[in-house]
Amino acid sequence: MALQRQFNFFDKVELKDPEDPSKSPEIFKSIESNVATSGRGHMVVADRSGLVHIIDKALQVESFLAYDSGRVTHMKQLRQRNILVTVGEEENAVQVIKFWDLDKPDRNKPGPTLERSIRVTQQGNAFPVSALAVLENLSQVAVGLANGTVVLIYGDLMRERTTAQKVVHQNDEPITGLGFKEQQKGALLYIATTAKVLLYNTSTKQTQTLDDQGGGLGCAVMNESTQELAIARDEAIFFYGPDGRGPAYGLDGAKTFITFYKSYLVLVSPPNIPLTATRTFGVQAASVSANDTTRLTIVDTANKFTAYQATFSQGIRSVICEWGSIYIVENGGKVYRLDEMDTSVKLDILFKKNMYLLAINLAHNQKYDNASISDIIKKYGDHLYNKGDYDGAMGQYVRTIGRLEPSYVIRKFLDAQRIYNLTSYLQELHSSGLANADHTTLLLNCYTKLKDVKRLDEFIKTDSDLTFDLETAIQVCRQAGYHEHAVYLAEKFEEHDLYLTVQIDDVKQYDRALAYMRRLGPIEADKNLQKYGKVLLTHLPEQTTQLLVDLCSGSLARVGSSSPTPGTASPVPTHTAGTHHAAFSMLPFAMGGPTGTASPPISSSASPNLGHQATFSPKLHGGVHRDGSKYAPPSPRTFMSLFVDLPAYLITFLEKVSANRWPTTPSTNQSTVGTNLKSPTPNTHLNKPGSINSSKKTAVGNDVNDKGSISGASRFGVSNEQDMEERKAIWNTLLELYLADPPMASSSGKGQTMHVAELNRKSRDRIIKKEKCMKLLNDTEIPYDTNHALVLCHMAGFDEGIVFLYERMKMYTDILRLWIGRDDTAKVMECLRKYGPQEPSLYPLTLSYFSSSPSRLTSATPDLLKVLDHIDQQDLLPPLQVVQALSQTSVATIGMIKNYIGHRIEAERKERIEDQKQIQSYRQESEKKRREIDDLKTSARIFQVTKCSACGGSLDLPSVHFLCRHSYHQRCLSDSADRECPKCMVEQRTVADIRRMQEANAEKHDLFISELEDADDGFEVIAKYFGNNTMAFAKLIDGST
């Protein structure tokens, strides 16, 4: 590649001596440098006398003698360690390599410490060293000789006492350059001769030829940054890597020396070499004549241009790169410093010459940030735009996406003639994911203006990463009548709400919308059914009801199609081109025209299959369920309002949901539907005590909660209150629906026959619903609200349900009042037989009913007498209460209850006589006890017992006698029984314990009140406490005794 572009990007400054600014530095005049190197903040030059001079930035010099009897031929300053490697001649032209530690001064003489000396082994005559290469870790040193031999010295060169030397290459061509390329295992050694370029692998010991042309002495150097070998020949500069020759840069003319400074290649050409025809930009190039001695050229290898070129009349002795500059030492002792210009100055020069591509590359190489590089690209785009190269300008503007405000570019290309360029820019903007809603709208408008349906399809279909504002794109497609495109986008990117909006509101394809909801899974279906359920129920009631059933039953994820078959045909607009122009007339570049009318809606298909439209199976996204995993079903109450005008479908919905979510099994006491309706409580057994036909008393079997039955709770387990409330609400609603009368359809125009048929149908429906209602009420597994159900049955006049619920709630009086209100004597008697033993208050109410009117008393006299007989036998009511019940009206006469009154008077007389006898017996016993106590207190007692009551032996002294007439040997009594008779002690202690218990119970008022409340006869409890003498120990509530 020929370097035809030439600039002057370096400033040339002549250095002066720090002590005498009018002169050149004295150090370079006094030293005739033979070789030079640099690094780690200093320059190192050596002369022919063997001295080495270390020069710092202030041009202060420190010198030391490296070789006593010879000159220094090569030097290398290491980068990682402050070690200086020198090669020089000793006596008899022996080549010696020395390692100097510049950080450690020598204690015996001026200069640094010599760490190691190694003699280069040569066979036969000694030849001078022509090239040197040193690894930074000092594990290998390569020495090239003028006779074509390369000697490799390896080992730990700074620590090991002995090192190994090996000839790795030997040929007739002199060695002109060496260089190491480090690897993980071993290293590669580049070998340049006058005829070839070779590569030696120090690990595998193999040599390969990279090029059959070599280079001159001083014209081969390693690029430390890229680890490549550069060789300068007369025609060009060549670069070599492990794979062979790489890029080349054409630069005619002989070269005597090359080196690297940063990414620049510095070349020195011999005198009187003609220049090739080049162009010079920027600062004017120095004039070149036949008297010029030496030329210096600096080449930017990264950007492929000449960065600087100048001539030096006195010739160039050394080129040293250090302290961020290039130092040129002339043969006469003058020193020049070349300082690189700032990048901003370079860019200004390139901008003035409209060389923007080169400026962009330069900015990249200088590690400019993206914002700065984008600014340069923007200038380049503006330049091309002003030239009229709109395609090229757009290519540059596209590169600024993300940095340059899109509106800057869009404004330039709003002209209708440049709509193609604008379209390409907007496409790239969307591909980068930086487009907003306005950009999407504009791009779709562009497609429409161009009538490019193909590109519109590509934009919509091939963009799998969603690089545009989806909602805006769908909205624009809807406005333009591209409904199928809108559906495609919404389905592809799972915008479920937009998809359903288009299908339901725009194209009226309710079956597709319903099928799509089913595939979405429960969460999305729940949300969308709440929004669109009313519309779908209006048009597809059966399918929508089934979907709601599946959703609320917890089985939706297992019902829907998991992977619908996608269609093959792409969406095609169903409107004319004129409609497009009218829909998109808001474009800034629009031609104008009348506003067209919207396209007619697409007819809905009866099949849920999507037909020709391409479909996508919704992915597992967000809350969408695509597998059969369980989920928490939504509340059916959420959807009840959707069935306002569809009670029949609401019944179906609630029945199926209840059966699926809470399946029940018939219980042992559950009734059957029809005429065999049974009570949830056990049937009353007439032969058991308590019945009217029996002489004994009984109680009803089951105890039902009078606040509302939730009989299914024990079987299902109340997992949480919310679930229980859900079930109650469903069954309460079903009860209300069952008890509601179906609406009467109009029969006008069809005659009386149609009216009769409607009445028959309504009657059948009512019978079926009431059968369902009773089945529901009788099912102990269903947790309906009993109070609510009772209100509904009253409103509907459903006597069977009312009786059942009253019985469940133990409201037996209300059952009796119901049948009394219905004036059904048979039902009243049946009710009395069933519930009278549990509720004695039913008997006065029944007696009042019988005596409420003469006609009723006449027809119910046998029943009245039977009831009175039962009351008498079971002693259920006092006679006074019976008389009061019958005397509320003047219908009943005293003659009707004469026998009953007579029996009750005789029974009470006999009972009074028995009580008087028992009272007399208690009085006599009490009197006897009092006399005995008085006798013990006032009279002496004579003991004539001759035997011990304990052992039965003859009683002798000492003996103990008790007032209870028991006597004992003193030895037969224990120590604790000296005051109590052992035989009477148990009875006495029992009495004492009873007394203590009575005293304790006297303070337990709660116990007394509890017994009083639970007892059927409270007076009996009070009498028991008085009889036990408990009241004698009780304290009054006010604290008095």
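Backbone N, Cα and C atoms are what each Cβ position is placed from, and that goes for glycine too.
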In TrEMBL, one of 595-632, 899-936 is tagged region 'Disordered'. Which stretch would that be?
595-632
If you average per-residue pLDDT over the domain 'RING-type' (948-984), what number do you get?
81
As a quick check of your reading of DSSP, tell me how many residues in the repeat 'CHCR' (397-545) are helical, how many are strand and how many are coil.
115 helix, 2 strand, 32 coil
Same-chain residues near the domain 'RING-type' (948-984), Cβ under 8 Å, at least 6 residues beyond its ends:
936, 941
Using DSSP, how many residues of the domain 'RING-type' (948-984) fall into helix, strand and coil, respectively?
9 helix, 7 strand, 21 coil
